[in-house]
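Undergrad: Have a look at this one.
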Amino acid sequence: MKRSLPGTLLWFVILLVVWEITARSGLVSELVLPSITVVFASFGGELISGSLLSGTFVSLGFVVAGILSGAFTAFILAALSFQFAAVKRLSSMLTAVLHPLPGIAVLPILILFFGIGRLTLLMVIIHSVLWPLVVNITAGFSSVPAVYQKIGANYALKSSAFFFRIMLPASFPHIFSGLKTAWARAWRAAVSAEMIFGITGSGGGLGWFVFQKRIFMDTPGMYAGILMLALIGLIVESGLFHLIEAETLKKWGEA
Amino acid sequence: MSANTENLKTPVLRFENAGFAYPGYSPVLSEFSASLYEGEIICIIGASGCGKSTMLSLAGGFLLPDSGLITDSRGTVSGPEPKRIMVFQDSAQLFPWLTVFANASFPDADPTHVSELLEMVDLADAAEKYPSQLSGGMKQRAVIARALAGRPEILLLDEPFTALDAPTRRGLQDMLLELNSELGVSMMFVTHDIREAVYLADRLLIMTPGGVKMMNIELERGAGKRDEFSNEFVAIEREVYGIISPDKS
């Protein structure tokens, strides 16, 4: 269904008004639900102080590093699965077992192996993105029309040229879908891990920022952090992915 | 050799006692010899399942003969290559992520030649469009432009116009005849439509369960030159029909 921007904005304003009325009515403690103006003031203050932005960049840095590492591994696994039946069986088994496991569920195991620290957080993110990417890239490779193989053979394309000029773009709809899932899982996993374990320690990410604000009962600051989480999600999912989709799949008639 | 083939210079593809059978099935070809000449159009026709596409795949090097030889201007055909380019039966041969121009240039055709070809197939105005924005006829024209962009010696077409309506088909048949005349590219064209085959071909290669028969078409060939309602045209159609379906003629 096509989203209407004015309709969405109207609902957003209504929710803010309801929030403000509830906060000002005194029915709920300001430690639980501060006024929206106070939250915005805190958001601005944290932005100016730099702590909100530094937390955002730390979390985004982890997520990007995790997605790149996961995507690299997923491509290798999917390519090997495409070539070798034995690897395909191994990949299918691993995906069936590990794909349903939330990143947070494997965190205790990773802490045992790697301790509490940045490497563990990175591994959680890699786990979160690897399996949906493997599933989607494998599906993408398998869905490349057989006639493309013949066209590649007819033009005597080398394997690398066939991969980069035909296989990869032909698989792009699946890969893009995998990337969207990977981003969503990675972002949630990173923030959750930071919130639950605070494992990035000093100089932590956005999850750690929210976690600290809650511990010190800086409720407006906590909401400011959550607002930033929502904003980043909105920018990436409705902005970046939307833009990529408009420039690729929609133009190609595959959206 | 017919009047049409007498002027043709050199063979660009030869089947020499070629035989082929899919494992466990009767031979599609046995001891088959024929040549495709420079600039010639041979239409391959026959009942469904008689091996028309197999014949084309052998010519393209996608299949290799069990016995005998298939040779082109460079020697024995041992696999597919860009000088023998195939237009496959599949309707989705254009890459959806590339514009018409980029598709026609694939993989590395001369851009000037591609522009000329797009003019010839009347797609110059659609060069920056994506395949999803094209009609069925435009897609097939783009496919043919891509096939010709690498300056192949032989164009192998496997029922390329089957899914199109009659007026679009006629337009594309005339376009193909013009391309053949201007570029001199030889063509093997598989079709199940006798009228299309008689309209296009210098010679027909008629495949029947009893074997392969070659037939010259003694009518002047060219875009719009053969009148499908003329007595001569209809007589050839009937003769071909009689060969393909002797029980029904």
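Cβ from N, Cα, C; glycine included.
Below are the features listed in TrEMBL for this protein:
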DOMAIN    A:52-244  domain 'ABC transmembrane type-1'
TRANSMEM  A:33-53  transmembrane segment
TRANSMEM  A:60-85  transmembrane segment
TRANSMEM  A:97-117  transmembrane segment
TRANSMEM  A:129-148  transmembrane segment
TRANSMEM  A:160-179  transmembrane segment
TRANSMEM  A:191-211  transmembrane segment
TRANSMEM  A:223-244  transmembrane segment
Undergrad: Excluding the flanking five residues on each side, which residues at least 6 beyond the ends of the transmembrane segment (A:129-148) place their CB within less than 8 Å of a CB in that stretch?
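TA: Residues 66-67, 70-71, 73-75, 77-79, 81-82, 88, 91, 94-95, 98-99, 166-167, 170-175, 177-179, 181-183, 185-186 contact the transmembrane segment (A:129-148) from elsewhere in the chain.
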Undergrad: Do the transmembrane segment (A:33-53) and the transmembrane segment (A:223-244) come close, with at least three CB pairs under 8 A (pairs 6 or more apart in sequence)?
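TA: When sequence-distant Cβ pairs are counted, the transmembrane segment (A:223-244) touches the transmembrane segment (A:33-53), since at least 3 lie under 8 Å.
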Undergrad: Taking residues 6+ outside the transmembrane segment (A:60-85), which of them lie with a CB under 8 Å of any CB in it?
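TA: For the transmembrane segment (A:60-85), the nonlocal Cβ contacts are 91-92, 118, 121-122, 124-126, 128-130, 133-134, 137-138, 140-142, 163, 178-179, 182-183, 186-187, 190, 200, 205, 232.
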